[in-house]
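S.K.: Can you keep this structure in mind? I'll have questions shortly.
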Amino acid sequence: MSKTTISLKRLIPGLIIGPASWLGPYIVMNSLFLPALIQHLDAPNKIQLVALFSTCGMIVAAISNMIAGALSDKTKSKFGKRSPWSVGGAFVFMLAMIAASFSPTIPILLITWMVGQAALNFIVAPMVAWIDFAPEDGRGTASSAYGGLGMALGNNRFNVLGALFLSQFRLGFIIFGIFAFVGTLIAVFIVHEPSNINEKIHHEEKNKPKLTLNDLKSIFPNWKVGRDYYLALMGKIFQGVGNFAITGYILYIMTDFLHRGSQTQSSIQLINVIMLIFGILMGFIAGPISDKFKILKFPVGFSTIFLAIGAISLFLLRNDAGIIIYAFMAGLGMGIWNSLDNLLNLEVIPDQNRVAFFLGVYNLGNTITQAIAPVIAAAVISLFGFSAIFVVSFVFSLTGGILMLLIKSVKR
């Protein structure tokens, strides 16, 4: 069966708007609005509660992401196998965030946030598989559009806007929840995924027995087969913890560690504007350079060095210069990483018949790291103070890069 392709003219705008539409609102709510609402509801326990929300979110996300990827791979519809799940997930995510905005207590907020986490992963797992629709000679460009441009806009541009709603965080939940749904609809419309109703099922898939809890070996290949995929997954998790150890607590870092006071909002905006500029710049050039020079593993692996340098600079300087250097280095590092890491994963997927599933598990690393990082940060803050999270960021970022460089099937 021939592989379905979508022209880059349609695919690239969708791969930019799509991830920006789900990641941007999520990052804003996860790093700004949720901590602010938690602080409003239970200020004395805010550090521990952020960690609790992250841990519960990780569990829900892990389950929902794999389910969404697997269901997407097997879906047949007039609108393709990916788009229906992304639209449905975006609608439920919007409703969950609107409900979260009205939460009067921590338990109710936790429930609505978990529903949102599950719905979010029904957007993410199918959408990232759009990259596989790109023509063979444009996969680097497609990956760069998704990660370098779409995720750069989502990671940074929305935090600039979100900082304006810090004093009205409940309203922020509603506005950004609606934006996620509308943006996802626009992306789906632009990509216009073709119908796959007549797609043939491989004979071996028809006769495959139903999976049980004892069939994990058939779901995840052994180390010999999936070595490079597992290295990429572990590298993503370590790099992500290094990044989110800081970004997940950026509001509290500004208020409790750097003591920015009335400058907190402007400092957060400054960081995100600088990171946005470099993220977009890398989004434009990283993918095409990768396609032209056939280089992929090295820029992904070495991008973590910039993150490590940024973390240490913020720890050592603790002033405007430290904030600017951190934003510059983190923006450069994350710009390169986001542009190319999904393409690197596509190259090491062990089973090409389950692309969405393995991409979904891989991109679950984004959610897992946002869950693990606050837990680690909460522990080290309790033991050593805020200074320790910068050391955590440094060590984890470098480890993630080393794991990526150990991949063998991608030569450079």
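Cβ from N, Cα, C; glycine included.
Per TrEMBL, the features are:
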DOMAIN    1-412  domain 'Major facilitator superfamily (MFS) profile'
TRANSMEM  12-38  transmembrane segment
TRANSMEM  50-71  transmembrane segment
TRANSMEM  83-102  transmembrane segment
TRANSMEM  171-191  transmembrane segment
TRANSMEM  229-254  transmembrane segment
TRANSMEM  266-286  transmembrane segment
TRANSMEM  298-317  transmembrane segment
TRANSMEM  323-344  transmembrane segment
TRANSMEM  356-377  transmembrane segment
TRANSMEM  383-407  transmembrane segment
S.K.: Quick one: average pLDDT across the domain 'Major facilitator superfamily (MFS) profile' (1-412), no decimals.
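M.R.: A mean pLDDT of 83 is what the model gives the domain 'Major facilitator superfamily (MFS) profile' (1-412).
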S.K.: Mind checking which residues reach the transmembrane segment (171-191)? Cβ under 8 Å, same chain, six or more beyond either end.
M.R.: 6, 10-11, 13-15, 17-18, 20-22, 24-26, 28-29, 32-33, 37, 79, 83, 86-87, 89-91, 93-98, 100-101, 123, 127, 130, 133, 158, 162, 165
S.K.: In the same chain, who gets a Cβ under 8 Å from the transmembrane segment (50-71) while lying at least 6 residues past its ends?
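M.R.: Tertiary neighbours of the transmembrane segment (50-71) are 34-35, 38, 85, 89, 110, 113-114, 117-122, 124-126, 129, 248-249, 354, 356-361, 363-364, 367-368, 370-375, 377-379.
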S.K.: Excluding the flanking five residues on each side, which residues at least 6 beyond the ends of the transmembrane segment (229-254) place their CB within less than 8 Å of a CB in that stretch?
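M.R.: Here the qualifying positions are 27, 30-32, 35-36, 46-47, 50, 54, 221, 223, 260, 264, 267-268, 271, 301, 304, 307-308, 311, 314, 326, 330, 334, 337, 341, 344-345, 348-350, 358, 361-362, 365-366, 368-370, 372-374, 376-377, 381, 386, 389-390, 392-404, 406-407.
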S.K.: At a Cβ cut-off of 8 Å, and with pairs 6 or more apart in sequence only, do we get at least 3 pairs between the transmembrane segment (83-102) and the transmembrane segment (266-286), yes or no?
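M.R.: They do not touch: fewer than three Cβ pairs between the two stretches lie under 8 Å.
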S.K.: Which residues, given as numbers and ranges, are at least 6 beyond the ends of the transmembrane segment (12-38) yet have a Cβ under 8 Å from it?
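M.R.: Hits for the transmembrane segment (12-38): 46, 49-50, 53, 86, 90, 93, 97, 100, 103, 106, 109, 113, 120, 123-124, 127-128, 130-131, 141-142, 145-147, 149-151, 153-155, 157-159, 161-163, 165-166, 169-170, 172-173, 176-177, 179-180, 182-184, 186-188, 190-191, 247-252, 268, 370.
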S.K.: In the same chain, which residue numbers or ranges, 6 or more beyond the ends of the transmembrane segment (266-286), come under 8 angstroms Cβ to Cβ?
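M.R.: Residues 32, 144-145, 147-153, 155-157, 159-160, 163, 250-251, 254, 258, 260, 299, 323-324, 326-328, 330-332, 334-336, 338-340.
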S.K.: Take the transmembrane segment (323-344) and find every residue of the same chain, 6 or more past its ends, with a Cβ under 8 Å from one of its Cβ atoms.
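M.R.: Distant contacts of the transmembrane segment (323-344): 128, 131, 139-140, 142-144, 146-149, 151-152, 155-156, 232, 236, 239, 243, 246, 258, 267, 270-283, 286-287, 290, 296-297, 299-300, 303-307, 309-311, 313-314, 317, 359, 362-363, 397, 404, 407, 410.
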